[in-house]
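Peer 1: One structure is given below, represented as structure tokens, and several questions about it will come after.
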Amino acid sequence: MASTLEALERWVNEVAALTRPAQIHWCDGSEDEYRTLVQQMLADGTLIELNQQTHPGCYLHRSHPSDVARVEHLTLVCHPNQEDTGPNNHWMDPAEAHAKMDALFAGCMEGRTMYVIPYCMGPIDSPLSRCGVEITDSPYVVANMKIMTRMGKAAQERIEREGLLSDGVFVKGLHSTGELDPDRRFIMHFPEERTIKSYGSGYGGNALLGKKCHALRIASNQARDEGWLAEHMLIVGIENPRGETHYIAAAFPSACGKTNLAMLIPPEGYRRDGWKVWTVGDDICWMRPGADGRLYAINPEAGFFGVAPGTSDSSNPNALKSIARDTIFTNVAVTADNQPWWEGLPGTPVTDWQGRPYDPANGPAAHPNSRFTVSAKQCPTWSPKAEDAQGVPISAIVFGGRRPSLLPLVMEARDWTHGVLMGAAMGSETTAAATGAVGVLRRDSMAMKPFAGYHYGDYFAHWLSFDRPGARLPKIYHVNWFRKGRDGKFLWPGFGDNLRVLEWMINRVEGKVSGVETPIGTLPATGELKLDGLAIDPATMDELLTMDRAGWQAELAAIGDYLDGFAPRLPAALRAEQQRVAGALGDMPREAATA
Ligand SMILES: Nc1nc2c(ncn2[C@@H]2O[C@H](COP(=O)(O)OP(=O)(O)OP(=O)(O)O)[C@@H](O)[C@H]2O)c(=O)[nH]1
Ligand SMILES: O=C([O-])CC(=O)C(=O)O
Ligand SMILES: [Mn+2]
């Protein structure tokens, strides 16, 4: 058996023969290497220096105006058997996909440097971590990968060590920015080969291959094969005044509040009482059962690639503190004194995200999906446990989305199967994180619609399989911070006040409150949600916490139709669970049934 280093070198040589770069640079992940790349990008205009007095080490990157978000219609999963890809993914035959991509990659790096980036997703010494190597011609990608992953020498050493166990275990990712021509842009995944090929985009989710491509689409396949879960979830630790910490993992679709919840600041009264919040991850969670039957989670990432607009001292002061230095901003606006700016910050922009003089007639100054890339270590609430090789034990799993109506502020699943149904039934209004219309309600099971790298039916079955003898599974919840009143305004204040809802969950986990059982799940009983210091009237709380039976009967029927779209691979247990809940809700009133 060839060593992994030989396999890696062979692949790098093959790629070089195809792409024909002028030189090859193996990344060591050092600070020196990062500084050199930044200097080079400042010189060629890829990066623009921001105000170094107010924002030391901060730079701005302006992408091509057509390359600002993930492109789901150009993102494909190429299983040899199309059936395995599922209706939730776009598919192409692997041989055809390789031919198409290799034609794009042929000669694409001529005259340029090809970077080889060995990286480790997760703590370098964790058995839960997995490694990959990304080859790219973009120094912007290298700089972002340096912040977002454990990249360079240590990762390469781990890859070489793992070679003693098996050949070629690392995920192979090939990326080129190409011509940024939307007609020559594809993000292709080959799950069986643990391979990714991405061409024609420099945007984060399309180009930083460790993130969505590896840590979700390929890793969901690895996780299914190896008995763990790769999820689009934040991980947050909630420490009570007695010093006990519960870890919660929460899946919300893109731009629906993961970063905000992961870094939340407790409301005044909670702070006084000694509650603390610890950030472990803001986007991706890998978890597996430990020897004690509980689920243990790691954050495979080392940084945050966060949504800038809306990030402010009132919404997310921890994020704002994190990005005061050593941050790469992409597609934000700038002020007269060259500070980064976006909607939600004080001050006024003079230059918009495209570098034009700011004119409100052109739309927002910062692109709605403008982002910051920053090391997680800069977050004031960064948890020391985030480096723990064993991961953190998960007490509760939370699903949620943008639902302007019907979905209550919080509900608890009666058991694991019901919780999996809650996750599978998730819906949310679309956001600017992907190209396409914004604000359209779509089903987004477990917030993984764009990221589950195989058939959703099989994915639901994999979730259900964790409920087995000896398992001590977390409780499962569904939340909705985005319920709107008749005036179109959010009913719930959200952000820091979401801790009130998390505390109720923890009280449930500890058996301290009983809640009210309803057909859709357990809701907080009157008085169980701590609301002191909050200006919210009882009628609003009522609206947030009552079950609209007719609305739910129609919702359950719609969930049933949606699930049927995954037949014949839909687990019978999940369809039965949907029927159980529908049955508990009673017969649909005649008007709703015929509507
Ligand atoms: N109303 C309301 N808005 C929120 C809340 N939490 C977050 N938001 C808004 O949701 C948007 C995106 O939030 P993020 O926390 O960046 O979303 P994310 O889930 O981390 O997104 P990705 O990085 O795309 O996966 C921002 O505009 C926030 O202001 C909340 O509790 N209530
Ligand atoms: O993947 C990206 O580019 C950013 C992100 O977290 C998401 O869209 O969910
Ligand atoms: Mn995300």
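Keep in mind that glycine also has a Cβ here, set from the backbone N, Cα and C atoms.
Unlike curated records, TrEMBL annotations are generated automatically.
Grabbed the feature section from TrEMBL, which reads as follows:
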| type | residues | note |
| --- | --- | --- |
| DOMAIN | 10-224 | domain 'Phosphoenolpyruvate carboxykinase GTP-utilising N-terminal' |
| BINDING | Arg70, Tyr203, Gly204, Gly205, Ser254, Asn369, Ser370, Arg371 | substrate binding site |
| BINDING | Lys212, His232, Asp283 | Mn(2+) binding site |
| DOMAIN | 228-580 | domain 'Phosphoenolpyruvate carboxykinase C-terminal P-loop' |
| BINDING | Ala255, Cys256, Gly257, Lys258, Thr259, Asn260, Arg371, Arg402, Phe495, Gly496, Asp497, Asn498 | GTP binding site |
| ACT_SITE | Cys256 | active site |
Peer 1: Where the distance is taken from Cα to Cα, which of the recorded positions His232, Ala255, Cys256, Asp283, Asp497 turns out closest to Asn369 (substrate binding site)?
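Peer 2: Closest by Cα distance to Asn369 (substrate binding site) among the recorded positions His232, Ala255, Cys256, Asp283, Asp497: Ala255.
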Peer 1: Using only C-alpha positions, which one of Tyr203, Gly205, His232, Ser370, Arg371 is spatially nearest Gly257 (GTP binding site)? These are the binding-site residues in the record.
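Peer 2: Sorting the binding-site residues by distance from Gly257 (GTP binding site), the top entry is His232.
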Peer 1: With an 8 Å cut-off on Cβ-Cβ distance and a minimum sequence separation of at least 6, pull the same-chain contacts of Ser370 (substrate binding site), or say none.
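Peer 2: For Ser370 (substrate binding site), the qualifying residues are Val307, Ala308, Pro309, Phe329, Thr330, Asn331, Val332, Trp342, Trp353.
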Peer 1: Taking Gly204 (substrate binding site) as the reference, which of Lys212, His232, Cys256, Phe495, Asp497 (the recorded positions) have a CA within 10 A of its CA?
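Peer 2: So the list reads Lys212.
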Peer 1: In this structure, which of the binding-site residues Arg70, His232, Arg371 has the fewest other Cβ atoms within 10 Å of its Cβ?
Peer 2: Arg70
Peer 1: Of all the binding-site residues here, Asp283, Asp497, which one's CB has the most other CB atoms within 10 A?
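Peer 2: For the binding-site residues Asp283, Asp497, the Cβ with the most other Cβ atoms within 10 Å is Asp283.
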Peer 1: Is any of Gly204, Ser254, Cys256, Gly257, Asp283 (recorded positions) within Cβ reach of ligand 2, i.e. under 6 A, and which?
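Peer 2: Passing the 6 Å Cβ check against ligand 2: Gly204, Ser254, Asp283.
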Peer 1: Tell me which of the binding-site residues Tyr203, Ala255, Asp497 ends up closest to Asp283 (Mn(2+) binding site) in space, Cα to Cα.
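Peer 2: Checking each of Tyr203, Ala255, Asp497 against Asp283 (Mn(2+) binding site), the shortest Cα distance is to Ala255.
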Peer 1: Based on a Cβ-to-ligand 1 distance below 6 Å, what subset of the recorded positions Gly204, His232, Cys256, Thr259, Asp283 would you report?
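Peer 2: So the answer is Cys256, Thr259, Asp283.
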Peer 1: Going through the binding-site residues Tyr203, Ser254, Asp283, Asn369, Ser370 in sequence order, which have a CB under 6 Å from an atom of ligand 3?
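Peer 2: Only Ser254, Asp283 meet the Cβ criterion.
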